[in-house]
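Annotated features, as they stand in TrEMBL:
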- 74: active site (ACT_SITE)
- 119: active site (ACT_SITE)
- 54, 56, 58, 75: Ca(2+) binding site (BINDING)
- 55-71: disulfide bond (DISULFID)
- 70-125: disulfide bond (DISULFID)
- 77-118: disulfide bond (DISULFID)
- 86-111: disulfide bond (DISULFID)
- 104-116: disulfide bond (DISULFID)
- 29-145: domain 'Phospholipase A2-like central' (DOMAIN)
- 1-20: signal peptide (SIGNAL)
């Protein structure tokens, strides 16, 4: 589960450098998740760095809201992929951003397919989940400003 958090930290660099350009093929290892998040939500992956209990670094306790559950499920998905021998931190795959969704249907490699599925589902989940700006450890939500 900590893999997602380390990954998200490294992925923040991708967002700053324009990692997710619409309809552009990408192949950047750890940067796919950041690109998928930007593609699906329009938000930088940095917005999730200190979100809840499972987004960003760390990962323990009960997820605080729907977005935090998305990050928790992504951690579990990566855990399953690692169990099957996939390199979640260094695995790379080709994808495109189409209609706010990371598309990677033409992949042949099993691990590439698994990683893409994990990232795509997390990004779709985050798109549907309300983004509520709140510090870690605080249960009272503070309305978010548009990022």
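Note: Cβ is positioned from N, Cα and C throughout, glycine not excepted.
Note that the coordinates shown come from a computational prediction; the quantities given were computed from them, not determined experimentally.
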Checklist entry - When the Cα of residue 74 (active site) is compared with the Cα of each of the disulfide-bonded residues 104, 116, 118, which one is closest? => result 118
Next on the checklist: For a quick check of packing: other C-beta atoms within 10 Å of the C-beta of residue 56 (Ca(2+) binding site), how many?
Outcome noted: 22
Checklist entry - Going by C-alpha distance, which of the recorded positions 70, 71, 77, 104, 119 is nearest to residue 56 (Ca(2+) binding site)? => result 71
Checklist entry - Hey, of 54, 86, 104, 116, 125, which of those recorded positions are within 10 Å of residue 71 (disulfide bond), Cα to Cα? => result 54, 125
Next on the checklist: For a quick check of understanding: among the disulfide-bonded residues 71, 125, which residue's Cβ has the most other Cβ atoms within 10 Å?
Outcome noted: 71
